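Since the structure comes first, as structure tokens, the remarks are kept for the end.
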Amino acid sequence: MNLQRRKFVRLDSTGVDGKLKSVRGRLKKVYGKMKTLENWRKTVLLACVVALAIDPLFLFIPLIDSQRFCFTFDKTLVAVVCVIRTFIDTFYVIHIIYYLITETIAPRSQASLRGEIVVHSKATLKTRLLFHFIVDIISVLPIPQVVVLTLIPLSASLVSERILKWIILSQYVPRIIRMYPLYKEVTRAFGTVAESKRVGAALNFFLYMLHSYVCGAFWYLSSIERKSTCWRAACARTSDCNLTVTDLLCKRAGSDNIRFLNTSCPLIDPAQITNSTDFDFGMYIDALKSGVLEVKPKDFPRKFVYCFWWGLRNISALGQNLETSNSAGEIFFAIIICVSGLLLFAVLIGNVQKYLQSSTTRVDEMEEKKRDTEKWMSYREIPEYLKERIRRFEDYKWRRTKGTEEEALLRSLPKDLRLETKRYLFLKLLKKVPLLQAMDDQLLDALCARLKTVHYTEKSYIVREGEPVEDMLFIMRGNLISTTTYGGRTGFFNSVDLIAGDSCGDLLTWALYSLSSQFPISSRTVQALTEVEGFVISADDLKFVATQYRRLHSKQLQHMFRFYSLQWQTWAACFIQAAWKRHCRRKLSKALREEEGKLHNTLQNDDSGGNKLNLGAAIYA
């Protein structure tokens, strides 16, 4: 019997594991539609930021009815805010479920730089899961929705502004804390959340605006709370006042309350208060005088913008314009505004300065390099036309690279990463070169590993006729002209325009057939007509590739090299022209011989003396 029970339990456990694995498999299919796990975490991080902006909207729900002197609620705002918050919390609950399944059932952790999931130990999982799971549960509990949806329709009692404020605050802190692990995971994989300096500066500016908006929302609710405190204090000073908490609700307010409340709390500026019985509203007097507490629900944008402006103004001014009463809560709120404004302003300025300095630092380095170059050229007494060419090259190189030393950066990488990076940079460009289209990927990879990026300014000479050819250039962008006077005769001249996809410096034939270590002599002069960017391979590297990869010696590749070689094209054109001229000369000489033969035959066949005399006379004439 015990064996059967054990067997039954074992089978049941297997079934549970199978169901869990099935659920995990379905979740993997859903998340498989995302490019990588990091993209999903970025999306969740964005949802958390949106949630931080939604929660303070609960503080705008209470209103004051200026006609009946009672409290009411913006029911439209209640519905909208509850729906949005529930949707975002549901989205985050999906993330929690996926996280728990992948981390507890099949222990996994943050993704690697390529999006691959890395397995962690159980001890690491316990330390990471406990705190974050508790924070996640607290942050997604629908406490504000329950409060505003259950108490408002019943109207059994007034929803205390203080309770609502502390509910939002108690969940706002966990919502901020839960963003930290997501932020660390995203920055660990991407290096930074912001992919550009402008986005980073905008993100810091958004956080500054968010804090201003949150302070404005708390100021709004505290103003209503202060108004309620004034009414209750006035009632406490009057012997015949019978106001209760429920009497302040609009559904229970009566005419007696209206007459009493109309004169109980006059709005007096703190500086003009002379009577000790007058209630001091402190820094909330602006909200009461402006009417934002008494506006209709359809005027919510006006209320929102005014409170946001109040928060932004006082955060930026560090609370210097705030005139508080002797209320401890009000003074503490003013202190928070002052300190947080100082910290946020310092963080904002520091981050913006960091993003700006990352670009201006290189500009300063470039300017310093220009000054050093000018000093060197003056010291060496470089001619003015050479100075202009040097300046033009430095400016062009800066525009293309922004001060990044590409070759030094590639050399600092590990070998496998360097080869993979070069393959990504050069392989597609190499395949666009007609000369290299017949090569397989292994040959192209060998060439990619030895290519270097080069830049040329206008009128720069790449190679001159009669000089040794040390590099072979593949053109990425720009126009060049290739000329030669080497044609086997005096006065010969040939020119060819080179564009993107062409190459110059015919080293392939030399690398394939020549046994000499001396570089070949260029038969052409190549000059840049515009700014040119390309990549080169040295003669030694090309010789090494030709030696190691014997497939370059195939007849098909050799014919293709000759077909695209400018030197072979020039020779072929010269041979064709010479053959055509020989053909024309032979044809002309043949025609002349035929005419001479006809004339000779005509003279021999004419036996008449008169004709001979007449012919001689005609010739004499």
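Placed from the backbone N, Cα and C atoms, the Cβ positions cover glycine too.
As recorded in Swiss-Prot:
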type	residues	note
BINDING	435-556	nucleoside 3',5'-cyclic phosphate binding site
DOMAIN	569-598	domain 'IQ'
REGION	549-564	region 'Calmodulin-binding'
TOPO_DOM	1-43	topological domain 'Cytoplasmic'
TOPO_DOM	65-76	topological domain 'Extracellular'
TOPO_DOM	98-128	topological domain 'Cytoplasmic'
TOPO_DOM	150-162	topological domain 'Extracellular'
TOPO_DOM	184-198	topological domain 'Cytoplasmic'
TOPO_DOM	220-329	topological domain 'Extracellular'
TOPO_DOM	351-621	topological domain 'Cytoplasmic'
TRANSMEM	44-64	transmembrane segment
TRANSMEM	77-97	transmembrane segment
TRANSMEM	129-149	transmembrane segment
TRANSMEM	163-183	transmembrane segment
TRANSMEM	199-219	transmembrane segment
TRANSMEM	330-350	transmembrane segment
Selection from 77-97, 163-183, 199-219, 330-350, the stretch that has most Cβ pairs under 8 A to the transmembrane segment (129-149): 163-183
Least Cβ-crowded entry, counting other Cβ within 10 Å, from the binding-site residues listed as Leu451, Ile499: Ile499
Long-range environment of the transmembrane segment (163-183) - Cβ separation under 8 angstroms, sequence gap at least 6: 41, 44-45, 48-49, 51-52, 55-56, 58-59, 61-62, 128, 132, 135-136, 138-139, 141, 143-144, 147-148, 193, 214, 218, 221-222, 225
Integer mean pLDDT for the region 'Calmodulin-binding' (549-564): 62
For Glu467 (nucleoside 3',5'-cyclic phosphate binding site): intrachain residues, at least 6 apart, with Cβ closer than 8 Å: Ile521, Ser522
